[in-house]
Amino acid sequence: MPVPPYSADMDAADGSKHTQACASSVAAAPEITAKADPSPSADGQHRVIAAHTVKPLIKKNIFVRGAEAAFGCVQSGEYASNEIRTAKYTLLTFLPVNLFEQFTRIANLYFLIVAVLQLIPGLAPTSWFTTVAPLVIVLAINAIKEIVDDYYRHQNDREINSRTVTVLEEGGRETPVTWRELAVGDIVKVANDTEFPADIVFMSSSEPANICYVETANLDGETNLKIKNCFTKTAGLSLADEFKDFADSYSIHCEMPNPELYKFDGAVVRRSNPDGPGGRLPLTADNLLLRGCTLRKTDWVVGVVVYTGLESKIMMNRLPAPRKVTQLERHMNVLVGIMFGLLFVIAAFMSMGAQIWDRAHGRDDWYLGYNGKYPDYFPGFGSWVIGVIRWMILLNGVIPISLYVTLELVKVFQCKMILNLDREMYHAETDTRFSCRTTNLNEDLGQVQYVLSDKTGTLTQNVMGFVWLSAGDELYGKRTCRDAGCPSPSHVDEGTPHSVVLDPDLLRGLGLDLNLLAQQAPTMTNKSMRGHAGIIRAAAVAPPNPALERFLLNLAICNTVVPAISDDGHFVYQASSPDEEALVTGAAFLGYRLYSRSTDRVVVEVLRTGEHLHYQVLAVLDFNSDRKRMSIIARCPDSKIRLFCKGADTMIMARVMPRQPRITNVRHHLEEMALAGYRTLCVAEKELSEAVYAKWSAQYDAACVALTDRDRKVTDASEVIEKDMELLGATAVEDKLQDGVPEAIDALLAARIGVWVLTGDKVETAVAIAMSCRLFTQEMALVEVRERDFEGADDSAKEAAVLRGKQEEVSMEQTRLHAELGSNCGPMVGLVVEGGALTRLLTSQHEGQLIDLCTSCKSVVCCRVTPKQKAQVVKMVQRLRKSIVLAIGDGANDVSMIQAAHIGCGISGREGRAAVMAADYAFAQFRYVSRLILLHGRAAYKRNSEVVWYAFYKNWIYNMVLLYFGFVTSFSSQPLFTSGLIAVFNLFFTSAPTVAFAVLEQDVSMATVLAVPQLYLETMKATRKEFLLEQLWWLVLASWHSLCIYFLPVYSMSNPNKDGLTYRWEAVGATVYTGIIVTVNLKIALRTRYWTWVNHLCIWLSIAIWWPYVIGYSAVFQVVPVAGAADMSGVALEMMGGPHFWLTAIVLVPAMSLLPDITHMSFQRSFAPKPFQIYQEIEWLKELAPETSRTLGLTPPHPNEGGAGPDFAAMELGVSEPAGRALRA
């Protein structure tokens, strides 16, 4: 498939989903007079870039171009070339690089060594063709896959490097150049709907407000537009001649290239007197246009190139996906090691047997031709070593060469044909289908023991509704106009998620007459944000409550939302945060509409009067996961300077003036909001004097142009001003659960999978959501581990004592619940852990106690956690419990958790696609995770395990036959089969049925698996010991099969044929070979329950093609005298001409071989049935019931009346009858 040029996995910024650039208002600030930090960066390095108005001519000669093409590299000068090469290979490097990578796999290396040994004259008992041919096929399949993938990479590289962009030069010239020719310092002009070719400092725009709109979908998957602000000194310039002054007088100082997408520390520095007034002007991430982003709704922008090619931020974020190895692969590696050891032991003993025989016969039997020279040494250590090598070469197939390629092929089919095409995991509303972003973790989905999930946007819809607000000491939103018996406003749908706007008390508090609001009939026009202004203006009959007006104005001002006009002429808001969008939309419905936003100005329209209030933005203190708040400092229409702030309640409450009467009321309201499960924010405000602002502005501006530790200095400056604020109130935003979340969590818990929720919300909100999604229930006891529990615990011993106390509390609650509910109710305690407590406990001293505490509980909720803590919890569970953990999230702050987990799942939600891009599996709704794990994961583990067992089983039979033949050939490692048979055994006659089985097999129906989550325990609890013991049982049966397959034809064909002649050993070998083919294919037929036409075709065709193959192989020497086919000449007719072949290979061998298998299966199913076998019986009874009823003349019962079988929706292991009785037994 083509590889998107910018869709590689990227490191998430260590922050929240709302991570923004540093202060966007810096570009609008006046000239900085304070001396900025002269130190450019922590290591004393920074980049100084001079813009040039005449593009330097850089041409590469043909030799350089040829070398670049041959070796896949790009020549760079002082700065990186803007030409990129993401392709992995070139014509020159493909063969060595690909072969090196393939031979890093131990199995391929093993067979390479065998093939090399076979090439040594006189050493190998078989032709090199028998190993080289299968090995070449395996290598070729992988190489072809790599060639196809790399071909698309080359195409993408060629297309991207050949794109053109306009470079501005003196004389008014606008020169089109290809992206590969772009250089640092070029002044480029980028048109609307065009991608930026490099990282560019934004200098000028066609927009009067000196801004541009950027779509960052290629970077983080978000489709909402972001505002970027241009450098104010060059605003409005569009020609190179106009930039000449700037190019001659100023240079751009910026940090060295780094992968930080949301951070950029730079400054425009005057060459003469840089430390004087106006000598340094700050540049932030808000002034940087990143390669891969697309310009939208702006005719053109002009900028200076600062980072090119591999030094651009998007390219520095192209990290290879972490290599994840499944449990099954680890089991296989152990199994391969064991089989290799066993092979060596067998070879050693067989070579020892050859030594004993040679001592008895070697010197006396002259016709053996021993001369004591290589390779016919007389018995001794050298002869024994050669014998060991010969036997290891002969029996090398004990380790199946086809296993790895078969398993890879099977996993690709499982992903592409089953998972990606599962209609039950397709989300029609968003047109999002399930996507496998990796194909090597399928079977691990069947062994997941813990699911660690984000909350917002993962369990919830991330469609925020503004539902309550606390302002003026009142709580609004708890009832609607309909609840109060009042007419509803005509400009708002009654089903709006922003239900606070329907509160009659709130509307009256804003001076609006409810009857007038409801007078106009609802129409599409008056319900648009543009159309409802007239309705509010007509209904305004009294002045608004000042406290409410201040509160709503703060919501309209303090945000990063971008208002825009949609194609149909309506107001729409572009927001990176759904919370902000909800709050701004709610304020607009209540009459305070954010009208426009630019770099230095916010305009709010007061709909009741039609007045436009202009706020001059002086500084923006952005939100991040550490600050958990944002502020805007603006000069208001009354010329006063105010700071508007909103953020997490813990952050705001710590920074407001103490002893405000409103604090107590707001705290009560916040508790009520949290108990209802809502997300809360506090809103505050502060008036600043001119002197205070001027003093602070100098400190802040100096921090913004610092090239050393800028983030810390900006944060310190922000702390200085964000204190002693006046608390205005609080907001509550509802994020409703996604459909099917409670049912999915019920199913996971029923399968005994631990479900933990890791969220940044406060404790009360998280617990309320956990209750609504059935993670916690009313019957459960809750134990909390809060930060306050560790007050006074000033050393690790006291912290450990607190943990022990919590463990005792859990034990006591569990004992109480067992007494009340019965001892078989299982764990019934829920654990709530606060992020502050985790900070203390996620250490090597306490992790053991913490994991014991968590895993003793039924469910765990971690609140107030940071992205880093999420990843730490995932790693802790994996490391200390040796369990497979699946992490699922939807935003950039979940990326670290997703990448840390063994299996990462990304939700395609409103937080962009950062989580999806980092995930192994991507889908649209949380409810699909239960189907993914319980159905597809369980099936993949069972199928793929059988692929491994079957591969070793069939190869064991094949090689044991060669071993038996060694006992009658003086331990001489003489092969029973010719080279043409040895080379194609796995390829032609046994591979297709394996693939069909692994893709299509179902031991029970999908409905049963989903209705009985406890069936998942079979695979979840599977251990390496069980895997190896099951493989041992397969090999025991294979040994019996090999005895039947070898001795029945050999002794049958020891009698003369119809012509009175003894059968040639080639004919005997072909007969034995036939028995192997028939038996191993019937074995997989015996294991197959779910038959399709594909299974029939693969199994019976694999057997049937043996006849034309052996007939053609036997006849080829008579047509073309090929040396390798001479031994088989005429064998087919000789073999098939007598009854021995048909009676033994076709009838007696399969019957006697598989009799123990059938007997074991029957006894095991009857006397020790496994859970899935019980449900197979139930399904068969359900299928046969209607026919039985008709045969006996009975009236078929209703499906839910129990006669034809149980209601599958009610099936539970240990509960449903008759399965319950059997399973309890």
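Cβ from N, Cα, C; glycine included.
Feature annotation (TrEMBL): of 539-560, 737-758, 979-1000, the stretch labelled transmembrane segment is 979-1000.
Checking the ranges 764-786, 1063-1085 against TrEMBL, the transmembrane segment annotation falls on 1063-1085.
The binding-site residues near ASP454 (active site, 4-aspartylphosphate intermediate), taking a 10 angstroms Cα-Cα threshold over the set PHE623, ARG679, ARG864, ASP890, are ASP890. DSSP assignment over the domain 'P-type ATPase N-terminal' (77-132) gives 26 helix, 0 strand, 30 coil. Rounded to a whole number, the distance between the Cα atoms of ASP890 (Mg(2+) binding site) and THR456 (ATP binding site) is 8 Å. Across the domain 'P-type ATPase A' (161-228), DSSP helix (H, G, I), strand (E, B) and coil residues number 8 helix, 35 strand, 25 coil. Summarised as a single figure, the pLDDT of the domain 'P-type ATPase N-terminal' (77-132) averages 82.
Residues 105, 107-108, 110-111, 114, 117-118, 123-126, 131, 134-135, 138, 141-142, 332, 336, 339-340, 342-344, 346-348, 350-352, 354-355, 358-359, 362-363, 370, 944, 947-948, 951-952, 954-956, 958-959, 962-963, 966, 971, 973, 975, 982, 985-987, 991, 994-995 of the same chain lie 6+ residues outside the transmembrane segment (377-407) yet bring a C-beta within less than 8 angstroms of a C-beta in it. The two recorded residues, ASP894 (Mg(2+) binding site) and GLY760 (ATP binding site), show a Cα separation of 11 Å.
Around the Cβ of GLY760 (ATP binding site), a 10 Å sphere holds 25 further Cβ atoms from the protein chains shown.
Every protein chain considered, the tally of other Cβ atoms within 10 Å of the Cβ of THR456 (ATP binding site) stands at 27.
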